[in-house]
């Protein structure tokens, strides 16, 4: 007998927690896992005493679902998703819904939407953020795909999502085909940027100011009462205070080689593909790559010299405020770049994205949740067509207020030999963006010189000219060089 509102396939911790979250909100869920013994274990333990149902086969699972059938896949991205879709399609009817809640590549989601539409199945690719805790008590959800599915899943998705303000859910329809997974990808890229910016602030505190863990933890706790109020700042303070079983701080014992699952890399690759200067996320990815060269760095540290270590002689409290403002200004740049990429993707794929709504989706439940995102929503509410966050009066004033501190923090760090790839690229982007004239005219002249690629004159836009720079050779454009 059909009695379940929705099914979920994939009983790793995220899947289990999403099921329990849906159960808490009054939805009857049918659980399935490829290893069916996991279903029995889940029902006997974590889901004991709940209304959660189990199934030992896909056929049994489908038979227990009310129509239109709603099925969430929470399995490893890639072939596993396609394999389950292939098995499910023969069991489903026209109008049934498959939802991929994994970290799928947005192009895969676009393909699946297209293929399943031809079969009459509604496909949704939804970003899910917030980790295991978010899944259990309120994630940020970013659904996109076939919009016909939205009325049938809206109550469930908005019911289980994190809530902010006066109970607004951190979930709304994002857009067509791959839009939900694209937005989740950019979210993850921004997360890389936020984490690296915090690391650079920590590095300046530790190696320029010489602060101890208690002092650094206190600084981050204070910062969490300012514009920087966020989940990542909050946990950084906790990490800095945490002591191991021997009573010593744990952080210095952790190997300084950062891992990555690839979603930050996807964001950087997309930025290159669509010609958007998302420099900060790119540098955050490369910083992790550099950190992974631990053995090489140990050897290099014995051979390569930097500036002499001179104790900081300035006002520590004042420089700490410079670091805070540098972090805030750089964070603004990171989000401005992220939303530039979203805007370009919307143009490329014909998506209608609600940028203020996206900021609200990220306002709670996810790893980058922060008060700051409310300001981004306000900016897009004031001007839905806003070209760049930096052009909004609030963010323009915020960066201006931070600018002197930003430059001082970076110049002091450079003089001390501290690597700050994200602080420095953020400032370089800001300076580049505010320059009406950049030296790219020389690049165009060079390209024309060696490859006859032509150039435009400021006085004659739209007319492409080739100059015979050496007096030798013809004036025909060449395709021999593509620099």
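Heads up, the Cβ atoms here are built off N, Cα and C, so glycines get one too.
According to Swiss-Prot, the NADP(+) binding site annotation covers 10-15, 33-35, 75-77, 103, 478-481. In the structure as shown, the Cβ atom of residue 13 (NADP(+) binding site) sits within 10 Å of 12 other Cβ atoms.
What Swiss-Prot records for 38 is N6-acetyllysine. Taking a C-beta cut-off of under 8 Å and a sequence gap of six or more, residue 38 (N6-acetyllysine) has these contacts in its own chain: 11.
Taking a C-beta cut-off of under 8 angstroms and a sequence separation of 6 or more, residue 57 (phosphoserine) has the following same-chain neighbours: 36. For 57 (among others), the entry in Swiss-Prot reads phosphoserine.
According to DSSP, residue 261 (substrate binding site) is assigned to coil rather than to any helix or strand. Annotated substrate binding site per Swiss-Prot: 103, 129, 131, 187, 188, 192, 261, 288, 447, 453, in sequence order.
Annotation source Swiss-Prot lists phosphoserine at 129 (among others). In sequence order, 139, 140, 141, 142, 184, 187, 188, 362, 365, 366, 367, 368 are the residues of the chain that are 6 or more apart from residue 129 (phosphoserine) and have a CB within less than 8 Å of its CB.
Secondary structure at residue 184 (active site, proton acceptor), as computed by DSSP, is helix. Under the heading active site, proton acceptor, Swiss-Prot lists 184.
Residue 191 (active site, proton donor) falls within a helical segment according to DSSP. Look at Swiss-Prot and you will find 191 tagged as active site, proton donor.
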Candidate nearest residue 447 (substrate binding site) in space, where candidates are the recorded positions 10, 13, 103, 191 and distance is Cα-Cα: 191
Sparsest-packed among the binding-site residues, when each Cβ's other Cβ atoms within 10 Å are tallied, from 33, 103, 188: 103
Same chain, 6+ residues apart, C-beta under 8 Å of the C-beta of residue 131 (substrate binding site), given in sequence order: 14, 367
Between residue 10 (NADP(+) binding site) and residue 191 (active site, proton donor), the C-alpha gap once rounded to whole angstrom: 25
Nearest-integer angstrom distance between the alpha carbons (Cα) of residue 33 (NADP(+) binding site) and residue 261 (substrate binding site): 23
